[in-house]
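*Asks:* Dumping the structure here so I can ask a few things about it.
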């Protein structure tokens, strides 16, 4: 289930807002210049579906987003719990960073947690299957895929070489309990890291 939780950066243990309503999530994110949509499931895809099969299944939505946003390249990526570099990849994306182009993702399967550092607040969005999010260039954020990552996502790029520049900055973090990342079966709970003031 998709969940948006909003915290003050200095009081992560006291959520100001928490909602699972897709329309409310979209409205709250739109107030901050972000876009969120729920796309209808087109077909049931196998866990080992190829990037070509995934792109074909969502061709209508992909074409619409490419046209609206001027995106040139779209690809599909998957990460599973047995990936040998999952711990290193998780640590890399837990560092707060910005991109020189929009970060646009659609979750075909599984889930992941985007934490968006907007002013003195953090918007923690647990994205699940059929969620689409567009994070504007220059937005401070980090991504937690959990200790046992399971997701497949479409990625949209303005740059045909998919080389959007990332700037990573380490920030102090405080661990706060958060919803468990799972893929339909029970998974171990993970700890959501929220940025605190430097």
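Note that the numbers count up from 1, one per residue, in the order the chain is shown.
Cβ atoms are placed via backbone N, Cα and C, with glycine included.
So Swiss-Prot lists the following for this protein:
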- 97, 99, 103, 141: Fe(2+) binding site (BINDING)
- 97, 99, 103, 141: Ni(2+) binding site (BINDING)
- 96: site 'May play a role in metal incorporation in vivo' (SITE)
- 102: site 'May play a role in transmitting local conformational changes' (SITE)
- 105: site 'Important to generate the dianion' (SITE)
*Asks:* Could you check the binding-site residues 97, 99, 141 and say which one's CB has the fewest neighbouring CB atoms inside 10 Å?
*Replies:* 99
*Asks:* Sort the recorded positions 102, 103, 105, 141 by C-alpha distance from residue 96 (site 'May play a role in metal incorporation in vivo') and give me just the closest.
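*Replies:* For residue 96 (site 'May play a role in metal incorporation in vivo'), the spatially nearest of the recorded positions is 141.
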*Asks:* Would you mind checking how many other C-beta atoms are within 10 angstroms of the C-beta on residue 105 (site 'Important to generate the dianion')?
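*Replies:* I count 20 other Cβ atoms within 10 Å of it.
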*Asks:* Quick check for the class: what is the C-alpha distance, in angstrom and rounded, between residue 97 (Fe(2+) binding site) and residue 105 (site 'Important to generate the dianion')?
*Replies:* 16
*Asks:* Counting every protein chain present, what is the number of Cβ atoms, excluding its own, within 10 Å of the Cβ of residue 102 (site 'May play a role in transmitting local conformational changes')?
*Replies:* 20
